[in-house]
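Over in TrEMBL, the protein carries these features:
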type: TRANSMEM; residues: 32-59; note: transmembrane segment
type: TRANSMEM; residues: 80-99; note: transmembrane segment
type: TRANSMEM; residues: 148-175; note: transmembrane segment
type: TRANSMEM; residues: 271-291; note: transmembrane segment
type: TRANSMEM; residues: 311-332; note: transmembrane segment
type: TRANSMEM; residues: 339-359; note: transmembrane segment
type: TRANSMEM; residues: 365-388; note: transmembrane segment
């Protein structure tokens, strides 16, 4: 598991670094309000795609690890169908929203790119469950490299930065689709052997858990709704700097669930204790970045985003707890306790969605960041109470 985790971590870390670089280029090229609009659309569309994904992104790798070939084929088919139906609807709604609120119309392209990417990530659950980190690594680096190259070429050519950025996202997603279709094909099993209703029912706990985890990303659109797009831009400028670090728990979770499915309860508990200790201990490395958060934001994102330092500091403070929650949720799912994860996830999602607007209304963008960190602490504590006892 260690070699697979390191392989996925390095590739996703590189991919996330390239993605963060693209966001930095965009942030320094547009007003804070435009940056806030782009990041808010990314968060909201990404959340809605998870809601309509039936939990297959987590269901498929677990089914593959258990050798349930029919479930794997049926899960991939359901994911593709849901993506094909949902994406055009989101495209139309986002285009309408952009026109009504005088936002860049190009943000509608985000729906196409994220729809393609979510399908790619679900298919990649197959090689990950097989212990193949190379395919997922190549996919991540490929899509982010293509996106950054298209963005850079667009800006050099004088294209509007938002248009160049969204075209880059779309080009990267298309490249990832081509790659994954060439690498993952001719799978055993029959999709028609599993009724869609039965598949949706069994995927329900995974869906709830995924939605709960994704609810954390609603912070940017919630800040935009309570305060303003410009405030959301200031908030997002700090939050997005943390994005590469989020790849550590996400990479761990990708390999923990299949691994936990093969362990007995005592073995899974020991694995959980080691992971929690490592993640909380590693959080101490973030303290210097918290101290110099304001200087980091203004140096990287530009003087337009001055004042976002406290947001970065509080976001970094919550990272270890977000990591613990992500990993323990994957461990419990691997141990067939997905219903428990779903219940905890539902409660934590409700807390997050309620706390962030309240924090924003009371304390501005810093209050929103504090609320998000508190929600992460509560979710991590609840999951640890069940996973480690």
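Glycine is no exception: its Cβ is also placed from the backbone N, Cα and C atoms.
Same-chain residues lying 6 or more positions outside the transmembrane segment (271-291) and placing a CB less than 8 Å from one of its CB atoms are 245, 248-249, 252, 256, 259-260, 263, 312-313, 316-317, 319-320, 323-324, 327-328, 331, 384, 387-388. Where the transmembrane segment (365-388) meets the stretches 148-175, 311-332, 339-359, the count of C-beta pairs under 8 angstroms peaks at 311-332.
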